[in-house]
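Features reported for this protein in TrEMBL:
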- C27-C36: disulfide bond (DISULFID)
- C65-C74: disulfide bond (DISULFID)
- C103-C112: disulfide bond (DISULFID)
- 1-37: domain 'EGF-like' (DOMAIN)
- 39-75: domain 'EGF-like' (DOMAIN)
- 77-113: domain 'EGF-like' (DOMAIN)
Amino acid sequence: AADPCASSPCQNGGTCTMAGIEYECTCPPNYNGTNCEISLDPCASNPCQNGGTCMATDDKFECKCPATHNGALCEILVDLCASNPCKNGGTCTVEDGVLVCQCPSSYTGKYCEKKAAYTLTLSAAKGAT
């Protein structure tokens, strides 16, 4: 009789053993079904979007989203400028997913929170007698 395990019917790393004339698959954790074809890992389908990281807890999952996105699947783009993070008249923009404050000349710092220090240079006018 032909060996039913010869065709490697068990998927996803399952182990095939003979059970009489039938075969039986012993499935690795997170898989079940006759041929270990059913994934029990809720993160297997990569449900998190926009660079979110899937964290499996039992049969559920949670997405850990980057600062630029939120929502259950990280599907909502966060307006990083919505909270007006730039102080002292700074203008907020987002460049490559990072908040950037354009500061007026009298302020500096990531959020325009520091008064700029000035150095004044005086030069003598040429040709003065």
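Backbone N, Cα and C atoms are what each Cβ position is placed from, and that goes for glycine too.
Keep in mind it's a predicted model, so treat the numbers as computed, not measured.
Within its own chain, the domain 'EGF-like' (39-75) is flanked in space by residues 12, 30-32, 94, 97, which lie at least six positions past its ends and keep a Cβ under 8 Å from the stretch. Rounded to a whole value, the Cα-Cα separation of C65 (disulfide bond) and C112 (disulfide bond) is 27 Å.
Outside the domain 'EGF-like' (1-37) by six or more residues, the chain places 44 with a CB less than 8 A from a CB of the stretch.
Under DSSP, the residues of the domain 'EGF-like' (39-75) split into helix, strand and coil as follows: 0 helix, 13 strand, 24 coil.
Residues in the domain 'EGF-like' (1-37) partition by DSSP class (helix H, G, I; strand E, B; coil) as 4 helix, 12 strand, 21 coil. The Cβ neighbour count for C36 (disulfide bond), using a 10 Å radius and every protein chain shown, is 21. Using Cα positions, the member of the disulfide-bonded residues C27, C36, C74 nearest to C103 (disulfide bond) is identified as C74. Distance noted between the C-alpha atoms of C36 (disulfide bond) and C112 (disulfide bond) is 57 Å.
In sequence order, C86, K87, N88, G89, G90, C101, C103, P104 constitute the residues six or more apart from C112 (disulfide bond) in its chain with CB-CB distances below 8 Å.
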